[in-house]
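Chemist: Below are the features listed in Swiss-Prot for this protein:
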type	residues	note
DOMAIN	325-608	domain 'ABC transmembrane type-1 1'
DOMAIN	975-1256	domain 'ABC transmembrane type-1 2'
MOD_RES	Ser289	phosphoserine
MOD_RES	Lys503	N6-succinyllysine
MOD_RES	Ser915	phosphoserine
MOD_RES	Ser930	phosphoserine
REGION	917-938	region 'Disordered'
TOPO_DOM	1-33	topological domain 'Extracellular'
TOPO_DOM	96-100	topological domain 'Extracellular'
TOPO_DOM	155-172	topological domain 'Extracellular'
TOPO_DOM	338-363	topological domain 'Extracellular'
TOPO_DOM	569-590	topological domain 'Extracellular'
TOPO_DOM	989-1025	topological domain 'Extracellular'
TRANSMEM	34-54	transmembrane segment
TRANSMEM	75-95	transmembrane segment
TRANSMEM	134-154	transmembrane segment
TRANSMEM	173-193	transmembrane segment
TRANSMEM	317-337	transmembrane segment
TRANSMEM	364-384	transmembrane segment
TRANSMEM	441-461	transmembrane segment
TRANSMEM	465-485	transmembrane segment
TRANSMEM	968-988	transmembrane segment
TRANSMEM	1090-1110	transmembrane segment
TRANSMEM	1204-1224	transmembrane segment
TRANSMEM	1227-1247	transmembrane segment
Amino acid sequence: MALRGFCSADGSDPFWEWDVSWNTSNPDFTKCFQNTVLVWVPCCYLWLCFPFYFLYLSRHDRGYIQMTYLNKTKTALGFVLWIVCWADLFYSFWERSWGKILAPVFLVSPTLLGITMLLATFLIQLERRKGVQSSGIMLTFWLIALLCALAILRSKIMTALKEDAEIDVFRDVTFYIYFSLVLIQLVLSCFSDRPPLFSETIHDLNPCPESSASFLSRVTFWWITGLMVRGYRQPLESTDLWSLNKEDTSEQVVPVLVKNWKKECAKSKRQQRKITYSSKDPAKPKGGSQVDVNEEAEVLIVKTPQKEREPSLFKVLYKTFGPYFLMSFLFKALHDLMMFAGPEILKLLINFVNDKKAPDWQGYLYTALLFICACLQTLVLHQYFHICFVSGMRIKTAVIGAVYRKALVITNSARKSSTVGEIVNLMSVDAQRFMDLATYINMIWSAPLQVILALYLLWLNLGPSVLAGVAVMILMVPLNAVMAMKTKTYQVAHMKSKDNRIKLMNEILNGIKVLKLYAWELAFKDKVLAIRQEELKVLKKSAYLAAVGTFTWVCTPFLVALSTFAVYVTVDKNNILDAQKAFVSLALFNILRFPLNILPMVISSIVQASVSLKRLRIFLSHEELEPDSIERRPVKDGGGANSITVKNATFTWARSDPPTLSGITFSIPEGSLVAVVGQVGCGKSSLLSALLAEMDKVEGHVAIKGSVAYVPQQAWIQNDSLRENILFGRQLQERYYKAVIEACALLPDLEILPSGDRTEIGEKGVNLSGGQKQRVSLARAVYCDSDIYLFDDPLSAVDAHVGKHIFENVIGPKGMLKNKTRLLVTHSISYLPQVDVIIVMTGGKISEMGSYQELLARDGAFAEFLRTYASGDQEQAEQDDGLTGVSSPGKEVKQMENGMLVTDVAGKQLQRQLSNSSSYSGDVSRHHTSTAELQKAGPKNEDAWKLVEADKAQTGQVKLSVYWDYMKAIGLFISFLSIFLFLCNHVASLVSNYWLSLWTDDPIVNGTQEHTKIRLSVYGALGISQGITVFGYSMAVSIGGIFASRRLHVDLLQNVLRSPMSFFERTPSGNLVNRFSKELDTVDSMIPQVIKMFMGSLFNVIGACIIILLATPIASIIIPPLGLIYFFVQRFYVASSRQLKRLESVSRSPVYSHFNETLLGVSVIRAFEEQERFIRQSDLKVDENQKAYYPSIVANRWLAVRLECVGNCIVLFAALFSVISRHSLSAGLVGLSVSYSLQVTTYLNWLVRMSSEMETNIVAVERLKEYSETEKEAPWQIQEMAPPSTWPQVGRVEFRDYGLRYRENLDLVLKHINITINGGEKVGIVGRTGAGKSSLTLGLFRINESAEGEIIIDDINIAKIGLHDLRVKITIIPQDPVLFSGSLRMNLDPFSQYSDEEVWTSLELAHLKDFVSGLPDKLNQECAEGGENLSVGQRQLVCLARALLRKTKILVLDEATAAVDLETDDLIQSTIRTQFDDCTVLTIAHRLNTIMDYTRVIVLDKGEIRECGQPSDLLQQRGLFYSMAKDAGLV
């Protein structure tokens, strides 16, 4: 009554009247309702939003937008609207001034509306000043205002059409103006303003259109349509992709996570300290003795470690990403509430159909409400999904960035516990787990909320009978809990097996050359398959568990429905199961099905993420290197004249291990050249590592003054151009760069490289020789122009004359670095007289230290060492360097032979690629060369010289053959059985629901329904058949998935191992690791799940359409066109989605390749202090990967919104046709039809998601199969051509007009080789760098097949027999000593062919018996990844032991004694002479003195044999061999 007086002066205008607004065929709102509610609703909305929006804008200032026509128009219209509203107000005052009695509403409403319009105008300007280009708040306000005005407009038009209507002309005119202006404001709000001034998007060449998209465009994801169209017309390329939004980049995301993690770690340490302190001072109990107190204190201190609080990574992730992610809570809650509107409207619709007297407009209203509700649900749901996916993407970016940064600083002991495989898995699999969790995590609270709301509405519908359903759900809880615990256990075991497999695959890929040379592929294949078998066992258990889980989860909603209906109809005969109760309940049960089905997935995802969270926390908590353990001072700082000062320092590789270096004390003055010498394993390399802070300093003081450069023993080369390897991130200074190139003897190499210094160097420098890699590594250090240089045997891998050149021009007293402090680890004695100080290492300690003369004078171990090894066998020694022997007191020391033992460790790869077609002839030229000349023009066919092949993305639709391949991998029987069981399950589901509709239409006789028991029994039986078929298809798909995983992995492994070496040189290891980790994980885990969900969604959609057509045949007019629209949109989407997935996969490989490369060279990166640059590179590669991922997730949303709109249309037409045909339809069929249509949207959404997931995930199968089509090497064994088991008996090797090239389009690197090597001959092979020495051995092992001619061993053409038949009969001691993780025995004898006694004998002959006997586990001692727990020299001795064990008739030594000290080298040479006395020995030598007693020497130059004969004869000829011997100081 109060509102009557408010709305009209005489109280005659009611606020609400049912007969006017509801119970009529032509409804309308009352005048009072129009003037109050319809005016106030938009005002209340804006005023409620204003304080929150104002606060948000004040905190999020994006910049200032200049006034535009759009902004000016909106502002002007705002003022006009304010004037129009207040014109109404002044008109009311004017009326009152004329004595007209007006209701208060005519003053209040215009005033409120006018002030609201001023507020709207103020917000338009505030948004402009804060850089808001399009406002959702304002668009919603204008939309609400328009909808309210629309209702008033309809009423005014209806009133105007009445003959006797009273018309208020002024207010009607102002209203029409108001309506028009609001409509214009709404239209203008749909457009976006220009970007703010100084916005980054202005300068971005290809900015993401999202940032400048309008609100409507963002809500409907319309802004990505341009990319979708481009992708539909032609395959997308990486250049088509937009830049990432700034807030999604690594630069923004990673530092925040790292900062929060450091805070959390510091916090946990502080809390730990508090706990420790509190435990030390316990309160003394009354009456207790002091002894009791002390005992209690001891107990507390002992228990303290149990109370250690680990830093919480979950808290850190929440703190970093929580604020943005919390928005998803709001959208999810809104969606969940809207979801229950459907069943309630369905209830009203069924009641409407039953009430034949109800006006038709009510049915249309319910239909419109269903449609609007469904559309809003769609928009809200996909905003929720978008936030979740973006959060997941940011988490993945942050995790990868944090792992990479941590990998650069963890200690060496920590690196042993986290292998490369594990760290790669952290970046690929574990980071992906967090992404997956982001989409599911909200279901933790959402699923229970949905269950509670559903049960509440079911209670209202069916009463206490619902408790039966609740009981069923409660019974399932412990079962789900047990399965979750089991799932976690299996997940941990699975990840452990996967880590081990990836670790082993990494080693295989890094050491593939050695595997091929030794014919060990099968042994390592079996090792990988054994680990894989364990992995598949766990997967199989998980699959069985998943099948049981699927059975319970699918059956639970049906059992809930069955038990509820059964109790409802049996407890009271008067309980009638009519259409309203049954189908509203069924709709609610269907809603209930989703949270119950999704919860197991959520639990599984949480379990997986918790495992990953723990793994990541452990890795990020590893100890870090302490650069502060070494005092670093700038050069300008005084602090004495010493560059390096070490006082009583002790170092260890791990705190738990005994010290590696102890009692180290020395000082090195600025500008000194210091040599470090000693036997293998004495701690020379460790000393350099200690100075680089790579080791733990236990005690002592270390001070370094100035910057440091480091040349490691094994050269680390990046997959980049030669120039970039040398510049190493520094600016090009042309003159200095040329000087470095010349000094490091690289000019001749550049002249033969196809593009000079721009030539691409393969991964790990595969296309450079060991010497070339070492020189590039040296040039990198020299170019950086540091104050202190640490050289770890840099002259080891180069020829004597090149070593001499480098020492003279770079390291020595007259070299480029003569004023720098240089610390040189060396085995060569020829340079020792020229150094300032010599440090002699023995057993991790400095045994002697002093100048060359001082050490000789002391007549200690060093002098004895020199006497033994400095007097060569050649009496006619020439002193090229003019070095004179120095006499020690009372003794005469013979003159040194310059360069007698100049060679050491070679680079990691045996393979020469382009370099072997060249020669290094004569002295290094000293002419000036410009960088333009250094960049030699490549051949016309650029691809001929392109070595590394980037991971390529396939284009176009995934071929049907890929699906067929996967089905064959599963097994055709299991494939078709799965489809049949799926079909049976969904037929049973459809029949059960149709049966329910028939039941609800049963006539009611005397207040009850007949045949209730039969109906219930059949309904139950159909449900049981559903359960059986569900279990059947889950089991079939899971087992089939495991079969497929096994077969695809075996095929991939077999194909990769059967690939020739050229394949591994062209293919970055990141690509291969990607296949064995991420792609295989997709096949293992994702594809079986996607198949189940895809098949389920497909049959659900077909079933829903069948039911709708059955209920309303008229729907056949609409469903086919909607189906066509659906199909077109889906195909339109898949064209882009598929390509985006491929681009994402391709851009993922460089992330892993760069990461692997970084791990291999981490000590070099740290030494040069280049961590920041490498972090930036890693971030850039991750961002490139996310540039492809982000559009793919948005494209998913784009598709879902459009397809759900198609689904919403099905809801609209199903309800509409039910209203139209209500007089001829039963309530049961209407209920069935509409309840199914309500599910269609969800089914369609899932079908499209799963079909696209299917296509995008099947790409993994495509990428695994990709390598089956690559070129393969010759068969390993050819039974019909197998040589006799005793072959070769003599060891005679003949080269007949032999020629070799590395690739078809390259020149020959060996030409017209004609030579016969008789059995038992000892032949040395020498030549300048790149002459083709190693190429000859590669040809002998058929690593590269001959281009012309043939090789005959004991009358058998080696090209005719199997590769393994050949390779097991020849033994090589390679340039690069490669060991694999596993026992020492496995590294010697992987096939377990020899007895322990034979193994020990080989170790004794290789001078390793004492060392191995001293190990805790002897032969079973575990070797670290890459054999890193042995020195390079010890690894080389293990390779010698392998050769001794195999004892074949032909032995090849490829610079095999490079990494050992002089004494060990002497022992090895004598071992080879005695143990291989009756064998044919081919030795590639840098140290010419080792082959001077050989039968013959072959001199190669430019791939041809230039000289051949006995060493003494060749010396007399004074040709190439003579000049090389002269360089080595042998003549």
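Every residue, even glycine, has its Cβ placed from backbone N, Cα and C.
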Chemist: Kindly say whether the transmembrane segment (173-193) and the transmembrane segment (34-54) touch, using the definition of 3 or more Cβ pairs under 8 Å where each pair is 6 or more positions apart.
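Modeler: Contact absent: fewer than 3 Cβ pairs fall under 8 Å.
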Chemist: Does the structure show the transmembrane segment (134-154) and the transmembrane segment (34-54) touching, where I'm treating 3 or more Cβ pairs under 8 angstroms (sequence separation 6 or more) as a contact?
Modeler: yes
Chemist: Taking the topological domain 'Extracellular' (96-100) alone, what is its mean pLDDT?
Modeler: 72
Chemist: Same chain only, please: residues at least 6 beyond the ends of the transmembrane segment (75-95) with a C-beta under 8 Å from a C-beta of the stretch. Say none if there are none.
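Modeler: For the transmembrane segment (75-95), the list is 102, 106-107, 110-111, 113-114, 117-118, 120-121, 124-125, 170-171, 174, 177-178, 181-182, 184-185, 188.
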Chemist: Is it possible to get the count of other C-beta atoms within 10 angstroms of the C-beta of the residue listed as 'N6-succinyllysine'?
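Modeler: The answer is 20 other Cβ atoms.
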Chemist: By DSSP assignment, list the helix, strand and coil residue numbers for the topological domain 'Extracellular' (155-172), in that order.
Modeler: 11 helix, 0 strand, 7 coil
Chemist: Can you name the far-off residues of the same chain, 6+ from the ends of the topological domain 'Extracellular' (155-172), with a Cβ under 8 Å from a Cβ of it?
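Modeler: Residues 26, 28-29, 34, 88, 91.
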